[in-house]
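Found this in TrEMBL, in case it helps:
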DOMAIN    4-77  domain 'Cation-transporting P-type ATPase N-terminal'
TRANSMEM  57-75  transmembrane segment
TRANSMEM  81-97  transmembrane segment
TRANSMEM  245-264  transmembrane segment
TRANSMEM  270-298  transmembrane segment
TRANSMEM  676-698  transmembrane segment
TRANSMEM  704-723  transmembrane segment
TRANSMEM  743-768  transmembrane segment
TRANSMEM  780-800  transmembrane segment
TRANSMEM  821-841  transmembrane segment
TRANSMEM  853-873  transmembrane segment
Amino acid sequence: MKSHYYQLKTKKVLKMLHSSEQGLTASQVEQRQKESGANSLAEQKNHSLAEKFIAQFKDLMIIILIIAAVIAGITGDLSDAMIIFLVVILNAAFGVFQETKAENAIQALKEMTTATSRVKRDGQVKVIKSSELVPGDLVILEAGDIIPADLRLLQSSSLKIEEAALTGESLPTEKSTAPLSEAELPLGDRENMAFMNTNVTYGTGMGIVTAIGMQTEVGKIAKLLSETKQTITPLQQSITHLSKLLSILILAIAVIVFLVGTIVNQTSFLAMLLTAISLAVAAIPEGLPAIVTITLALGTQVMARKKALVRRLPAVETLGATEIIASDKTGTLTQNKMSVEKLYLPDELITAKNYQPTASDHLIQSMILANDTQITEQGLTGDPTETALIQFNLNQQFKVAALQKDFPRIASLPFDSERKLMSAIVKAADGDIIMYTKGAVDELLERTNQIFDHGTIRLITEIDRKQIKQANQQLATQALRVLAFAYRPMEKFSSNVQPSPILENQLIFVGLVGMIDPERPEVKQAIVQAKTAGIRTLMITGDHKTTAAAIAQRLKIIAQPTEENIVTGSQLEKMSEAELKRRVPEISVYARVAPEHKVRIVKAWQQRGKIVAMTGDGVNDAPALKTADIGIGMGITGTEVSKNASDIVLADDNFATIITAVHEGRRVFANIQKAIQYLLSANLGEVLTLFFMTLLAWDILAPAQILWINLVTDTFPAIALGIEKAEANVMKNRPRGAKSNFFSNGVLASIIYQGILEGSLTLGVYWLAIQFPFHHSNELIHADALTMAFATLGLIQLFHAFNSKSIHETIFTRRTFNNRIFNWSIIISACLLFSTILIPAFNATFKVTALNWQQWSIVLLGGILMLLIVETVKLVQRQLQKF
Ligand code: ATP
């Protein structure tokens, strides 16, 4: 019987998979990629263009329209039938175009945020796309990674993996490397394996890829997972819901038009049927969900260029509504480029460059040895806090490499943001085993009982502790990040057992190091911008209260540190939910917090009805990122787990980018409102025109005319409105509030009055043309009047597109012509609309007559009136707002 990988020794697994401790060679990788394909789970396949085109005809209304057109064609009205077919086909083509564009944009979103893995190939560590992994690859793991394929573990240093997705067990499993003898172990017990899509929560390790893609354990059940299903966003859902509601309303009106037309006005059954159905097809905003999706998706592309990668489409909308941004300090508000400024040895503070080490200097040793920095030809890589310590020693010409060689590491206790400590256990040349520990001052002092004072070790006194805390305070007030250092001689240590944090006790205190982490230069301005936009910035940090306060003050997050506006994690722990909810408005800085505190902060604000954005980078930040309305991951320093839990990822880790993204979110939301207002008021105008024409027993616009107006004036300008530039005041208004939607802020009222206005102006022009005919021939009075109504309805919509460029602001500014695509969409729409009248060959098909200049003037007047009335209403609204 074939053995499982978990039953075999690591050497045997390496051999079986034809790999080595140096990893695969480039040619092996190439060969295997050909054989085994990409490491990805099968996704639902996209529909082909032809399938999408056919799907457009599945709409009941369209089917009825086609049937009616066929009957009309047979019974003699060939021109109507032709136009209807043309419109139906063009409509379908637009539908396919919009859908494809939306799909492509969503696909692009996915590709922007693909997962990466660190592998060892040809003896070198490389970062590659996880989809390019092949069996036999060596994958390096650390806390926060998502396991990219199924792995047999070759190394494990306190490695813990949370496998809930696969086993349902939410507590992380401790991993090891030794072979397991049992034949049929359940997945949860295969302790030397790591499975695709599970999360490393702690420690470090390395594994060899045993299965990729659909061959992995998760691949086997992928078909059952709902993840691959295409999800509809809440936004699209509400828009689809709205479209359905409007469809029912419009259908009801169409039925009334049909009944009144046939029964009261005695118009022929077929003619009325065609009119009613054309009305329904024209007025039902079936393109609305696609326009919303396209606008959002195009917004994400702009954001990507500005370094904010959107992972979930609705985030674009929510971003614009953000009221609170809770940001990590290190790396987001600051540069995460640390450098050592000051050192403290019992009772003296020393400026970094003046530091003179002693023969066996425990401070220097712990800086270098309790450190995971990799020294490569390209420079130092690793955690900036740690690289800063190595850099300091290199700058001072201290012998870093020699020390590392003399004290080889035998085990380590990795840093985690709960413990706030990191330790390394090393072996000296004389066989002594020593543990070096570094970490947050208060945490480390708690575990300390002795002090290394000028070459002698003695018990630590309360006075010592006080002095150390004072020194810490002094450094922190200068905005320095302070680390404490200690060591502990170990009598014996077996490298076979995993070290436990219990070892970090009875430490001997050595000294402190203060590091500067300068603010990002653009952040101060961004915080001011946020404030102007009604957005509150909060600082959340694992760092010391005083350091946090000093930086918050420099960044103008607070004016003065007080007991009220700065709170520590331990104070937070003592607060009840109710108390926290009551106090959050006054707190601006949270110091010494652990990731679980972040969830409480988010929830407290949410209970106050606020929309909260929260940043996070570590593995433990995932719950807070998920709870926040907008989870913001870090592209550079973020772990895969945190990025996966985020709605957007900052490619540059920069706070200022969040503000840029909010700006974009607001622009996109406003543009969708503009498109919706434009589209729905136009549809309402069409419905009202037809409805009253029928009720008043006037001539009725022909089906071809209705469909044509809808085709040429709706789609182009609406999409073009979606890519409008931001208005000057986007970041001057307050956030729109959690309860707002696309109809808030007066949009619904505008749609209604503007729709009524469009209908009234069209009917008005028709009435005028009948009352005061401007034509030499009396026979053509009705045909001319109808042509004028048709031209007016179309032109009004084009003029109204300009109104819609701003919902409240005037359009009589230079920016009115700043959207080239919009300008072209208006020109093309106007050409298509008026060619039906101006080109005699088309007149008969569209049932229109040629108009003279007086008649054109009236049509033009209708359009201009629309523009002027709406602008006047906006002006009055603005004046009223001032009071
Ligand atoms: P932020 O939450 O803004 O990113 P932070 O980076 O200071 O702040 P953590 O990384 O959780 O938060 O660090 C918390 C504390 O742990 C630090 O203030 C420092 O005292 C200590 N610390 C940070 N990095 C290390 C490390 N590599 N080794 C030991 N201790 C560390």
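Backbone N, Cα and C define each Cβ position, glycine as well.
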With DSSP as the yardstick, break the domain 'Cation-transporting P-type ATPase N-terminal' (4-77) down into helix, strand and coil residue counts.
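For that range the per-state counts are 46 helix, 1 strand, 27 coil.
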Apart from its near flanks, which chain residues at least 6 from the ends of the transmembrane segment (853-873) lie with a Cβ under 8 angstroms of it?
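That would be 753-754, 757-758, 761-762, 764-765, 768-769, 774-775, 784, 787-788, 791-792, 795-796, 798-800, 802-803, 810-812.
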Sequence-remote contacts (6 or more beyond its ends) of the transmembrane segment (821-841), Cβ cut-off under 8 Å?
708-709, 712-713, 716-717, 719-721, 723-724, 787, 790-791, 794-795, 798, 801-802, 805, 848-851
So, do the transmembrane segment (57-75) and the transmembrane segment (743-768) meet, by the test of 3 or more Cβ pairs under 8 Å (sequence gap 6 or more)?
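Touching, no - the transmembrane segment (57-75) and the transmembrane segment (743-768) miss the threshold of 3 or more Cβ pairs under 8 Å.
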Give the nonlocal contacts of the transmembrane segment (780-800) in its own chain as ranges (CB under 8 Å, at least six residues past its ends).
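Residues 678, 681-682, 685-686, 689, 699, 701-702, 705, 709, 712-714, 717, 754, 758, 761-763, 765-766, 769-770, 773-774, 826, 829-830, 833-834, 837, 846-849, 851, 855-856, 858-860, 862-864, 866-867, 870.
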Tally Cβ pairs under 8 Å between the transmembrane segment (676-698) and each listed stretch (81-97, 245-264, 270-298, 704-723, 743-768), then give the stretch with the top tally.
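Maximum Cβ contact count belongs to 743-768.
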So, taking each listed stretch (81-97, 245-264, 270-298, 743-768) in turn and counting its Cβ pairs to the transmembrane segment (704-723) that are under 8 angstroms, which one gives the highest count?
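Ranked by Cβ pairs under 8 Å, first place goes to 270-298.
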Using a Cβ distance cut-off of under 8 Å, indicate which of 245-264, 270-298, 743-768 has the most pairs with the transmembrane segment (81-97).
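It is 270-298 that shares the most Cβ pairs under 8 Å with the transmembrane segment (81-97).
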If you average the pLDDT over the domain 'Cation-transporting P-type ATPase N-terminal' (4-77), what number do you get?
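Result for the domain 'Cation-transporting P-type ATPase N-terminal' (4-77): average pLDDT 83.
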With Cβ-Cβ distances below 8 Å as the criterion, list the same-chain residues six or more beyond the ends of the transmembrane segment (743-768) that contact it, or say none.
673, 676-677, 680-689, 692-693, 698-699, 736-737, 785-786, 788-789, 792-793, 796-797, 800, 803, 807-808, 858-859, 862, 865-866, 869-870, 873, 877
